[in-house]
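Here is what TrEMBL records for this protein:
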| type | residues | note |
| --- | --- | --- |
| TRANSMEM | 49-65 | transmembrane segment |
| TRANSMEM | 77-95 | transmembrane segment |
| TRANSMEM | 115-136 | transmembrane segment |
| TRANSMEM | 143-163 | transmembrane segment |
| TRANSMEM | 178-197 | transmembrane segment |
| TRANSMEM | 218-237 | transmembrane segment |
| TRANSMEM | 249-269 | transmembrane segment |
| DOMAIN | 306-525 | domain 'Histidine kinase' |
| DOMAIN | 550-666 | domain 'Response regulatory' |
| MOD_RES | 599 | 4-aspartylphosphate |
């Protein structure tokens, strides 16, 4: 069991103190110094043989603390030496015989080779046995019990010195056990108890459990209070009025001990009460955390179900439209056009779903950097409404706007602010009935610019309102709801607004009462260097009759490469296709095209390495290199540009953007 604090330093300190006492005593006997021996007071002294036993005991503790196992085992040998000293001393005392130069030093004798008293010898045997047993896992508890008995006898002997001219003094110190010997026994026994705090009975004191912490707080008053009370009682008996009988003194002692025990028990009970309260609070917090985790897991699972549903939705009409183009409508240009529009709309829908997923991931990980400029929010409103107007038209909804006459300037990223407002208007349109109204307003409130989007839709339930901007919140609804989307738009709105130093809130009077989303942004006064915020425009078509450019498409996905090649050929480009990087590299080096469109995830050699080798092989004759890949992170984009690509596009290809890049390249070539 893990201990909450380290006891080995306690063991080392006690052993070193015991060793110092023994060495000082031996030095005193060798130098015939009464002050070093402790004989000046006339009380019993620690004899040299006893001191030698304590040297062995202290050495055993220190050796067993060593991390190297053979050295630690040597501590048991030292413990057995202490046992041998105790057994030999007791045997010689009982037999009345000792080999030269040993002799008995009874009474107040000062012979340097005197033997310890029988009680001292017996305690030395017990101490040595505890040291020998404490290193064995199965006998740690027995060793600690033996050491505890030595400690208690040592404390009782010290108490005997405080009660001179009593039977207690005659039983212990009067039999030849010195105060220094008692102190050495106490230190050595403490060292044994602190050697193995993770085993035996010491676990209850040294572990990190609440009960052990409480025991550590109580053990000091439990030990010291009765000792202090005994000392007070002894002094009282010695100085008491003869009129006060001994029975009264005994009952006063019992009363004092009772008061102390009640105080200690009360403190113990109060500590347990506090621990129960803390444990109860921790249990409640744990249950709340588990409930939150279960709710988050439930939302995640529902979100994944919703994701599958939303991705299957556009795949169904795409598959159907592809079958129609392949068979039924192959000879009807008008139906081909309408079917192609279906495919384009559904692919665009899937692209927006994936873009929302990527944007939320980037924002929550702090990977979006805003291009801060002074932006007129009126232009932001115009560009955002231009993006969502097709949805409003399809649902025959009316757009009501309220904009100020003068500019409303903020510091921000125009593209991201357009995204925020477009998401809010798109959300309002989805939940407003057909032929309903969507209201967009912009106003100034002090130093703040306030954008509000109000709908006349289904409203927001009170229990959903606090979490409306959280991830997966909308995903708690049933997967077969009529409204599309993954419920990520509002989470993205909140994160983007907060990146601009603003805040967003949602208000609703309840289900069926509509809802209002309000964005508040810090306003700036300076009208200089205002960036025009507008929706992207489609590039000009490539003029018919222009010089045919050669393009090499490299993609290991045959359908992806073939469809892109067909599209480029329809625009008048000469297109070659390769599905592996090695033949593509040979083709480029032998006959460089005007442009190369390369996938990144190619087999054997990725697109980045292919771009490096093309640039290394052709130098200034390197064609335009365009990466077209499914990897959309900023890190992937930067890695591709560092490898030598001129442009980086994410699948599915935006054909207008791709045509613009190729047209610029052709214009630069002449």
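Placement of Cβ uses the backbone N, Cα and C atoms for every residue, glycine included.
Fair warning: this is a prediction, and the values are worked out from it, not measured in the lab.
Assigned with DSSP, the residues of the domain 'Response regulatory' (550-666) fall into helix, strand and coil as follows: 60 helix, 24 strand, 33 coil. Take the transmembrane segment (77-95) and the stretches 49-65, 143-163, 178-197: counting Cβ pairs under 8 Å, 49-65 has the most. Taking Cβ pairs closer than 8 Å, the transmembrane segment (49-65) reaches residues 8, 11-12, 14-16, 18-19, 21-23, 25-26, 29, 71-72, 74-76, 78-79, 81-82, 85-86, 89, 102, 113-116, 120, 124, 127-128, 131-132, 134-135, 181, 184, 188, 191-192, 195 in its own chain, all 6 or more past its ends.
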